[in-house]
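Participant: This is the structure I want to talk about, given as structure tokens.
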Amino acid sequence: DVQCGEGHFCHDXQTCCRASQGGXACCPYSQGVCCADQRHCCPVGF
């Protein structure tokens with residue numbers, strides 16, 4: 001698993017995304033990033 005900070009984990013081959021609310025989300029991409037809306041996950045370069 002991938003650690004995303006305090007007590008938050010994502011599965012292998014996923015990426016952690018820091019949301020605007022200070023939470024973290026798991027992206028289903030190995031190189032994911034937060035989208036501009038800070039709520040969804042996008043592939044890099046999206």
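Every residue, even glycine, has its Cβ placed from backbone N, Cα and C.
These came from Swiss-Prot, pasted as-is:
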DISULFID  C4-C16  disulfide bond
DISULFID  C10-C26  disulfide bond
Participant: Between C10 (disulfide bond) and C16 (disulfide bond), find the distance joining the two CA atoms and give it rounded to the nearest Å.
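Facilitator: A Cα-Cα distance of 7 Å.
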Participant: With H, G and I counted as helix, E and B as strand and the rest as coil, say where DSSP puts C26 (disulfide bond).
Facilitator: strand
Participant: Where does C4 (disulfide bond) sit in DSSP terms: helix, strand, or coil?
Facilitator: coil
Participant: Name, in the order they occur in the sequence, the residues of the same chain whose CB lies under 8 A from the CB of C16 (disulfide bond) and which sit 6 or more residues away.
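Facilitator: Those within reach of C16 (disulfide bond), by Cβ under 8 Å and sequence separation of 6 or more, are V2, C4, G5, H8, C10, X24, A25, C26, C27.
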Participant: I want to verify one value. Collapsing DSSP to three states, which class is C10 (disulfide bond)?
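Facilitator: Where C10 (disulfide bond) sits, the three-state DSSP reduction gives strand.
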Participant: How many neighbouring Cβ atoms, not counting its own, are there within 10 Å of the Cβ of C26 (disulfide bond)?
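Facilitator: The Cβ of C26 (disulfide bond) has 18 Cβ neighbours within 10 Å.
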Participant: Let me know how many other Cβ atoms fall within 10 Å of the Cβ of C10 (disulfide bond).
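Facilitator: 19, counting other Cβ atoms within 10 Å of C10 (disulfide bond).
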